[in-house]
Amino acid sequence: MTLGEVLLVATLAVPLVTLVLALSSGSHRRTTILLVLAAIPALLTALFAESGTTVVLPQALLSLVLSLDLPGRLLLGAAALLWIATGAYAVLSRRGRENDNPFPIWWLATMTGSFGVFIVADLVGFYLFFTLVSLSAYWLVVDDGAPPAKRAGAVYVSFALLSEAFLLLAFVLLAVATRNDSFLIRDAVAAISTSPLRDPAMAFLVLGFGIKIGLVPFHVWMPLTYASASIPVAAVLSGATVKAGVIGLIRFLPFGVPLPGWGETLTALGFVSAFYGVLIGITQTNPRTILAYSSVSQMGLIAAVLGMGLATGNSITPAAAAFYAMFHILAKGGLFLAIGVAQKTRHRTEWTVLLPAAVVVLGFGGFPMTGGAIAKYAIKSPLGDGDVAMLAMVSAAASTLLMLHFLRCLRASRSHETRTTSAAEQSFIWLAIVVAVVALPWALYPAVIQASAHDALSFDALWKATWPVLIGVLLFGVLGRAPRILPMIPPGDIIVLQSWAWSGAKALGDATERIDEYLRRWSIAGSLLLVVTLALIGSFYVGR
Amino acid sequence: MAAAETSSIAGLLLVSVLILPVVGILAQLALGGRFLNWICLAVFPASFGVSAATCAVVWSHGEPLIYIVGGWQPPLGIALRADGISAAMMLVTAIIICAVAIFARVEFTQPSGAPEARAPFVFWALILALWSALNALFLGCDLFNLYVALELLTFAAVPLVCLKGGEATVKAALRYLLFALLGSMLYLMGTALLYGAYGTLDITLLAQRVHPERVTWIAAALMTVGLLTKTALFPLHLWLPPAHAGAPAAGSAVLSALVVKGSFFLIVRLWFDAMPGLGHTAGPQLLASLGAAAILFGSVMALRQQRLKLLVAYSTVAQIGYLFLMFPLAMAAEQSWTSLAWTGGWLQLFSHAFAKAAMFLAAGLIADALGHDRINDLGGAGRLRPLTFCTFGLAGLSLIGVPPSGGFVAKWLLLSASVAEGQWIWAAVIVVGGLLAGGYIFKVLGRAFTAGSDAPVIVTPVSLSREVVAFSLAVGAVLLGFFPLEPAEILQIGRPEILGSTVP
């Protein structure tokens, strides 16, 4: 085995072994630090294993195929950084509650799933890790035990199960398209583009992954979940685990050959989310909810990029989308930590949070020299030069507006107590992420896009990056003067329909119960016996 | 029938699996309750060994084991035949019965020094009778002998329901008994018709002689519906929820995991082996429609239950439905995917057997520990008995179809067959059923692992060994998930050519 292969296996094996340790050890004081250490092999893999490294595990391990490619590597590295940072944050903020099982167990399980989806190359393996990351996170959401968390957890798990149901259908179709010959994602995707099963498979893929990345109208779980989970959990959910949907779209959509129809559909869905997220987001006041709507918007943008790549057959799309997603992992995860740090920061030192946050925030609009600027520059090629590129610019302006609104609410949310617990260590973690958000995209751009980052510094590029931000700032100024014009919208917006759906489901359930009671009467059951017999005899005649 | 193999080893194995449990009952009668422990200690491992050995021999030979009792050829004599599905069923039955026996050891032991109690005596006799009857069902080749085995199974199962006494359970048991007897009558009428028309009840001979004519259809319908009542397929499920929820945990586990599968096994024998011509009619579609209704209806009912054991019982109503999806999928005219559906159907049966046994045992442990099984009052109980709720969770994941689990492999195979054969409706039902199962499993787990208004207390301590037994069964359901996603060789042994073809 080469070093790369060892690292690839260790990426999953180390968190799993740690998980077993956490399950079996009585005291969790010693295992807490392992929450941080368990993510290190993933980081090493992203750094040192070469793209193309592949390991086929034995049948006793489900014949899983692990393979590292460029998009997977980018997302794995950034996710590992975020898991390490938030792991440290969680350890610090949970001091004194180390024995509070089962938080570490679900943390490690979610982490394993989060890493797994980035490096697994076969259908069943992908489904396995996708399920692991989605369902384990349920326990992180409800860990708090408070009623809002329980409600958010119930909504979250409903959507997670729904997304898995769609994906199961999609994956079965993919396997059938290869006539059960190969379970490799690559082969299945190649087979599906010419198969008669293509359209249903694409529909189920877009639905399944669309729910995971919160495409409108499947976004309602995001605001509820991110607002009620604890800070480190919200950070990994918004940063890392959501990307299971992004890598899914990257892996399962047939890029390289133009696929019109589906490409345009995905682009349209993406832009709807991109603008819808901003529109609802600016009516919110809770910084976490604002970040959630920003995620809806940003994931929409990524979907639009992927859709355009699919429509035009642009082969750089997977790498570009993964590059943008990498930026989002660190930026969004970091901002959630910033909320946590801000709550513990005193008036006098608030600039230590707000100033770095401003740098990250401007990145969402693509302000020059920020990490976001180069990330936005990378997705220019798939978006093209036409109206779609214009839409992307407008969305950058809208994102600037939303994120400035976030900054204002973040400032309002900081602690008003004169003496608060010191958050020095947590601040350090937050600042480290800020450095990564700015430095990593610039450092990696040439390797990922195969072009020099100098182009992004040309006057033309700088101007194109600046004016959406200026418009965003302008809008923010206007809105700041007239805050009352915005309506009050509850977090989760269309979740209010839930009460209708709920009463509908309840009526259906009541009816089912009445039918059951009726069917289980003796007289009815006896006649049913006769009816079924006659129906069966009839059916024997029908088919012939 | 293939060349009859009457070697001594085959005869010894096939006869022992039937006789050994009966010997256990007789020894119990002769020696009395004082030796109960010793008898069980001898009979259970011996029967298990013989079942496992039979399965191993069938698998390694790759062809059915056949034994002609007394050397009299059928239709005059009795033949015992173990093909792939019988061998697999025998192994699963042996594993689950033995696990349940270990679980029940403490509850149903004869108190030393005290006068002999009735419950332990009856329980062990019933379990052994059940085992023998199930094996007879798996090995029988003649529809009348199978009728006898079926009756034995019913009469052993019904008293298990009311072992604890009490008005409710006796009522449930009577309900079960009466409905099962109706079923037996229908089955017997069917066999009489067939015998009158074709002069034989031997499955192999019948398969050669039956014609597509009125008497065949009527007989097939009567026998099938008779068996459906015992399998509790919707809408003939009236007896199942109270019976399975009222029995002691060990009894519920066996009833849900194995007994309903006994009559299902017979339906498969009837449709696939005795009258394969039924596959060309709309019959399979009708069976699957009832199955689909069972999945949707049973799952919604499970979601609505307030008591844990009733939830698990209604989940059985739903899970039985999946088994019937096998009929249109494995009997399809286009045969390239039928073997996949065949394997999927059986894996669904095996994984449900493990998962449901584990679940009923876990539910029993929860009810014992907390003194109640109200789902709403489970808040935080997961932290008190983590292993038991893990058992419930693992078994539940298999029911939902989350990998790695037998439930996932089964669903994958059934889904593949239905989309490949263009029978989309069954695919939709499978997926919706999984969603609803997710609903009722997470409803329980969510309650158990988040703190409630008042913390539950353990009223009766439960022993770790019983928890471990239930957990092992759930692990069994998970291990079935390591099955490769392709037609299983063992399940093809002894199949007619119709299912022998693999995917091209």
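Using the three backbone atoms N, Cα and C, a Cβ is placed for every residue, glycine included.
Under the heading transmembrane segment, TrEMBL lists B:12-31 (among others). Below 8 angstroms of C-beta separation, residues 39-40, 42-44, 46-47, 50-51, 53-54, 57, 65, 67, 69, 80, 82, 90, 121, 124-125, 128-129, 131-132, 135-136, 139 of the same chain, each at least six residues beyond the ends of the transmembrane segment (B:12-31), sit close to that stretch.
What TrEMBL lists as transmembrane segment is B:38-59 (among others).
Taken from TrEMBL, the feature transmembrane segment covers B:85-106 (among others).
Away from its own ends, the transmembrane segment (B:118-138) comes close to residues 17-22, 24-25, 28-29, 33, 36, 39-40, 43, 47, 51, 82, 85-86, 89-90, 93-94, 97, 100-101, 104, 108-110, 145-146, 148-150, 152-153, 155-157, 159-160, 163-164, 248, 250-251, 254, 258-259, 262, 265-266 of its chain (Cβ-Cβ under 8 Å, at least six residues beyond either end). Look at TrEMBL and you will find B:118-138 (among others) tagged as transmembrane segment.
Per TrEMBL, the feature domain 'NADH:quinone oxidoreductase/Mrp antiporter transmembrane' maps to B:142-435.
Per TrEMBL, transmembrane segment is recorded for B:144-163 (among others).
According to TrEMBL, the feature transmembrane segment maps to B:175-197 (among others). Sequence-distant contacts of the transmembrane segment (B:175-197) (same chain, six or more residues past either end, CB-CB distance under 8 Å): 143-144, 147, 150-151, 154, 157-158, 161, 206, 210, 215-216, 218-230, 236, 238-240, 242-243, 263.
Annotation comment: TrEMBL describes B:252-272 (among others) as transmembrane segment. Remote same-chain partners of the transmembrane segment (B:252-272), defined as residues 6 or more beyond its termini with a Cβ less than 8 Å from a stretch Cβ, comprise 85, 89, 93, 96-97, 100, 103, 127, 130, 133-134, 137-138, 143, 146, 150, 153, 157, 160-161, 183, 203, 220, 223-224, 227-228, 230-232, 240, 243-245, 278-279, 283-284, 309, 312-313, 316, 320, 323, 326-327, 330-331, 349, 352-354, 356-358, 360-361, 363-364, 499.
Taken from TrEMBL, the feature transmembrane segment covers B:284-303 (among others). Beyond its flanks by at least six residues, the transmembrane segment (B:284-303) meets 224, 228, 233-235, 237, 241, 271, 278, 311-312, 314-325, 327-329, 331, 425-426, 429-430, 432-433, 436-437, 439-440, 443 of its own chain at Cβ-Cβ distances under 8 Å.
Residues or ranges marked as transmembrane segment in TrEMBL: B:310-333 (among others).
Same-chain residues lying 6 or more positions outside the transmembrane segment (B:353-372) and placing a CB less than 8 Å from one of its CB atoms are 92, 96, 99-100, 103, 244, 248-250, 252-254, 256-258, 261, 308-309, 312, 315-316, 319, 378, 381, 384-385, 388-389, 391-392, 394-396, 398-399, 405-407, 456-462, 466-467, 469-471, 473-474, 476-477, 480. The transmembrane segment annotation in TrEMBL covers B:353-372 (among others).
Within its own chain, the transmembrane segment (B:384-403) is flanked in space by residues 315, 319, 351-352, 354-356, 358-359, 361-363, 365-366, 369, 409-411, 434, 437-438, 441, 444-445, 448-449, 456, 458, 462, 464, 467-468, 470-471, 473-475, 477-478, 480-481, which lie at least six positions past its ends and keep a Cβ under 8 Å from the stretch. What TrEMBL lists as transmembrane segment is B:384-403 (among others).
TrEMBL lists B:423-442 (among others) with the feature transmembrane segment.
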Query: Excluding the flanking five residues on each side, which residues at least 6 beyond the ends of the transmembrane segment (B:85-106) place their CB within less than 8 Å of a CB in that stretch?
result: 17, 40, 44-45, 47-48, 51-52, 54-55, 58-59, 65, 123, 127, 130-131, 134-135, 138-139, 248-250, 253-254, 257-258, 261, 265, 268, 346, 350, 353-354, 357, 361, 463, 465-466, 469-470, 472-473, 476, 490-491, 493-494
Within-chain partners of the transmembrane segment (B:310-333) [C-beta distance under 8 Å, separation at least 6 from its ends]: 231-234, 237, 240-242, 244-245, 252, 256, 260-261, 264, 268, 271-272, 276, 278-280, 283-285, 287-288, 290-299, 301-302, 339, 341-342, 344-346, 348-349, 352, 356, 359-360, 363, 375, 399, 410, 414, 417-418, 421, 423, 426, 429-430, 433, 436-437, 440, 444, 499
